[in-house]
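Trainee: Pasting a structure here, questions to come.
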Amino acid sequence: MKDQALNGSIDRQASGIKRTRPFLVLAALLAGLVLGLLATGSSDGARSFLVQSAGLIGELWLDALKMTVIPLVFALLVTGVARSAEAAKAGRVAARTVVWVVAICTASAVIGALVIQLLLHAFPLSSAAAEALRGAIAATPAKDAPIAGAADVIRAIIPTNVFAAASNGDVLPLVVFAMFFAVAVSRIAVEQRRSLVGFFEATANALLMIIGWVLWAAPLGVFALAVALAAEAGGAAFAGLAHYVILLCAVGATVTLLSYPLATLFGGVRLAEYTRAMLPPQSVAISTRSSLASLPAMLTSARALGVREEVADVTLPIAVALFRATGPAMNVAVAFYVAHWVGFEPSVAQMVAATAVGAVMSYAAVSLPGEVSFISSIAPIAIALGVPVGPLGLLIAVEMIPDIFRTLGNVSMDVAVTAAVDRSSRQGSAAGDFPDPV
């Protein structure tokens with residue numbers, strides 16, 4: 001009963017954040033940018049005082065967000081992987097769903113890394129805006145890493161001291177250890193497993209509550225960061241944020257479009273039928289920015305496409321709980337965009353590490369407002385890539401726009417995967433096999 005009350009309080013808090021915070025934070029961002037822009041016409045002394053004062057407030061708010069990242073990554077991965085393992089044990093349909101989730105999330109991370117690089121080369125931020133923004137963010141330099149050989153990269157994946165890895169912010173080895181630990185937890189005795197998973201769920205809930213508290217101060221923190229940025233970069237701040245939103249939405253749209261060939265090639269659904277059936281859930285997704293709110297419409301669409309009820313009733317709830325198809329692509333894209341923003345050229349090893357972390361973090365996805373998951377999911381990727389986490393404090397203010405594309409892609413992929421699971425289940429039953437995407 002106490003656990004239910006705790007979860008209920010967290011759900012109510014998260015719901016409140018989702019309803020009110022995005023609009024307040026966006027308004028604070030715009031107000032801060034305008035004030036900072038006006039400050040560019042003041043004396044150097046006044047502008048310097050404003051930048052230092054606003055920067056101090058903004059940095060304190062960012063530090064409060066960052067202090068939860070490492071323990072939250074570990075707790076979410078343990079509970080997420082354990083949840084996936086339990087789902088896979090529920091039956092063949094559930095196991096097929098988990099296989100599809102892992103395959104698509106992994107592919108999504110790779111797609112995000114490739115697409116954002118192509119977009120940045122095809123539509124780069126203007127040199128003047130880029131230079132102004134880099135100068136404004138110069139106080140948070142990127143974490144340069146020495147160029148390592150293939151053997152060193154592979155060896156670095158396995159941590160010799162997991163506590164040292166956590167202390168140094170080495171996210172990839174920490175993620176690898178968390179994955180092994182989570183799989184081991186799923187194999188131990190039931191009572192012990194429940195105790196450990198319960199402990200990490202409680203830890204994650206407590207950390208998420210702290211993030212929720214910090215996000216209540218987001219209007220102030222974002223306002224301060226925006227003032228400091230605009231006072232240094234001028235009008236380039238507006239151009240940079242608009243450029244970021246457009247490119248990130250394009251990455252989300254790419255993932256959404258890929259659901260159509262997935263449904264037709266692997267789900268055996270006609271393109272016109274899938275397009276028509278997806279209109280109702282996509283409309284709900286756009287208006288609510290919630291996959292859970294879109295679930296009833298998704299169930300109706302899946303049945304209209306001929307998906308068996310017993311498959312849809314298992315696959316779609318699992319997909320809504322575990323599957324964020326756009327998450328890996330768009331989260332990795334954010335980190336790569338920040339690298340471009342600050343003028344940092346990551347090494348191949350850093351790009352591979354960031355992409356891997358982006359894929360793995362998606363396995364621990366939880367149903368949280370985009371503003372909360374934005375920090376918990378993207379900060380580890382940024383750390384692995386070697387870029388500063390600071391710019392995320394500004395980008396979170398415009399997340400409500402890309403979040404529409406996130407939900408749209410997630411809902412579309414949920415139904416496409418459900419059709420694919422239904423088809424593979426039919427083929428598996430007929431052939432006595434387990435045909436899947438891997």
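Backbone N, Cα and C define each Cβ position, glycine as well.
OK, TrEMBL features for this one:
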TRANSMEM  21-40  transmembrane segment
TRANSMEM  60-81  transmembrane segment
TRANSMEM  93-120  transmembrane segment
TRANSMEM  171-190  transmembrane segment
TRANSMEM  202-229  transmembrane segment
TRANSMEM  241-263  transmembrane segment
TRANSMEM  374-398  transmembrane segment
Trainee: Would you say the transmembrane segment (60-81) and the transmembrane segment (171-190) are in contact under the rule of three or more C-beta pairs closer than 8 Å, pairs 6 or more apart in sequence?
Mentor: yes
Trainee: Is the count of Cβ pairs under 8 Å between the transmembrane segment (21-40) and the transmembrane segment (374-398), pairs 6 or more apart in sequence, 3 or more?
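Mentor: As far as Cβ distances go (cut-off 8 Å, pairs 6 or more apart), the transmembrane segment (21-40) and the transmembrane segment (374-398) touch.
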Trainee: Would you kindly check 60-81, 93-120, 241-263, 374-398 and say which stretch has the most C-beta pairs under 8 angstroms to the transmembrane segment (202-229)?
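Mentor: Answer is 60-81, with the largest number of Cβ pairs below 8 Å.
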Trainee: Residues sitting near the transmembrane segment (241-263): Cβ under 8 Å, six or more positions beyond its termini, same chain?
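Mentor: For the transmembrane segment (241-263), the sequence-distant neighbours (Cβ-Cβ under 8 Å, at least 6 residues beyond its ends) are 29, 104, 108, 111-112, 115-116, 119-120, 123, 125, 129, 269, 271, 274-275, 305, 325-326, 329-330, 333-334, 337, 341, 394-395, 398, 401-402, 405-406, 408-409, 412-413, 415-417, 419-420.
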Trainee: Six or more residues beyond either end and a Cβ under 8 Å away: which residues meet both conditions relative to the transmembrane segment (60-81)?
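Mentor: Those are 166, 169, 171, 174-175, 178-179, 181-183, 185-186, 196-197, 200-201, 203-204, 207-208, 210-211, 214, 217-218, 220-221, 224-225, 322, 360-361, 363-366, 375-376, 379-380, 383, 389-390, 392-393, in sequence order.
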Trainee: Grab the same-chain neighbours of the transmembrane segment (93-120) for me: Cβ-Cβ under 8 Å, and only residues 6 or more beyond its ends, written as numbers and ranges.
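Mentor: Residues 84, 87, 247-248, 250-251, 254-255, 258, 262, 310-311, 314-315, 318-319, 322-333, 336-337, 340, 351, 354-356, 358-359, 362-363, 413, 417, 420-421, 424-425, 428, 434, 436-438 contact the transmembrane segment (93-120) from elsewhere in the chain.
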